[in-house]
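Asks: So Swiss-Prot has the following annotated:
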- 1-34: signal peptide (SIGNAL)
- 35-74: region 'Disordered' (REGION)
- 37-60: compositional bias 'Polar residues' (COMPBIAS)
- Cys131-Cys147: disulfide bond (DISULFID)
- His146: active site, charge relay system (ACT_SITE)
- Ser267: active site, charge relay system (ACT_SITE)
Amino acid sequence: MKLVPRFRKQWFAYLTVLCLALAAAVSFGVPAKAAENPQTSVSNTGKEADATKNQTSKADQVSAPYEGTGKTSKSLYGGQTELEKNIQTLQPSSIIGTDERTRISSTTSFPYRATVQLSIKYPNTSSTYGCTGFLVNPNTVVTAGHCVYSQDHGWASTITAAPGRNGSSYPYGTYSGTMFYSVKGWTESKDTNYDYGAIKLNGSPGNTVGWYGYRTTNSSSPVGLSSSVTGFPCDKTFGTMWSDTKPIRSAETYKLTYTTDTYGCQSGSPVYRNYSDTGQTAIAIHTNGGSSYNLGTRVTNDVFNNIQYWANQ
């Protein structure tokens, strides 16, 4: 059908109005779905919670450390399990130049005794994987998200924790994980900015070994601050604890970077320093490395709030 110019313009105007009306009907008829918060807490049982508080204050949030009693009496712990020696690493970490890590022999000293070796098993694989974690209260271990939730295998099936391990010596025994936590940004989106999590234990070793403090670094930049990374690397004698201390290299919104030497199985190690007002306090959670620096998930307001939520469960 051929339209004369006058009717062609009218027909075009009619179609334009019709399209706009249909678009309005669709947009107003179907409510828009709210964007999902990547910091939403999730657990291996499917429980979800939003512990974030939309905080914009530049004041630091601080949770203080506790040194514990340090006693090594066998009556204080939940048993002892020999952790497997064919342990696998989950994420690469780097030696930056010369390896300057030193072995921690006094693992019963604080804060080393609050540093935890993790032996992890996942569904559908016979391998055992290694990570590190650190206690933040009597029964809560903070670690990397990829230690509790593997992008290849899903949630861990079992996690065995050995505080203050020293080679074949377990001065505080071993504990089993009873609940695992991370956030949706990691478990659903695989976003390394949200690579952190926690483990609840079947006992309370923190009353004995103590726990690390943790804090945000909102009030002033952590760049240049001397910080340590302590954990259980897989390239050293099995089950031994090693540490290195260097300045923070850069501070991004979700990450801190540093040239501190680390290796596989140190994922989840505390990135910490001895603050004059709070003592041994973590400011990041070590996750992975590259050729020129290593990285950790920064303790932001949201990370702080989730750790507190998990600790209170």
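Every residue gets a Cβ built from N, Cα and C, even glycine.
Describe each of these features in terms of where it is and what it packs against.
Replies: Helix, strand and coil counts from DSSP across the region 'Disordered' (35-74) read 1 helix, 8 strand, 31 coil.
Counting only same-chain residues 6+ beyond the ends of the compositional bias 'Polar residues' (37-60), those with a CB under 8 A from a CB of the stretch are 148-149, 155-156, 179-185, 187, 189, 191, 193-194, 215-219, 301-303, 305-306, 308-310.
In three-state terms derived from DSSP, Cys147 (disulfide bond) belongs to a helical segment. Counting every protein chain shown, the number of other Cβ atoms lying within 10 Å of the Cβ of Cys147 (disulfide bond) is 31.
Within 10 Å of the C-beta atom of His146 (active site, charge relay system) sit 25 other C-beta atoms, taking all shown protein chains into account.
Under the DSSP three-state reduction, Ser267 (active site, charge relay system) is assigned to coil, being neither helix nor strand.
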Asks: Of Cys131, His146, Cys147, which is closest to Ser267 (active site, charge relay system) if I measure between C-alpha atoms? They're all recorded positions.
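Replies: Smallest Cα separation from Ser267 (active site, charge relay system) among Cys131, His146, Cys147: Cys131.
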Asks: Measuring Cα to Cα, how many Å separate His146 (active site, charge relay system) from Cys131 (disulfide bond)?
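Replies: Distance between the two Cα atoms comes out at 9 Å.
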Asks: According to DSSP, folded down to helix, strand and coil, what is Cys131 (disulfide bond)?
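Replies: In three-state terms, Cys131 (disulfide bond) counts as strand.
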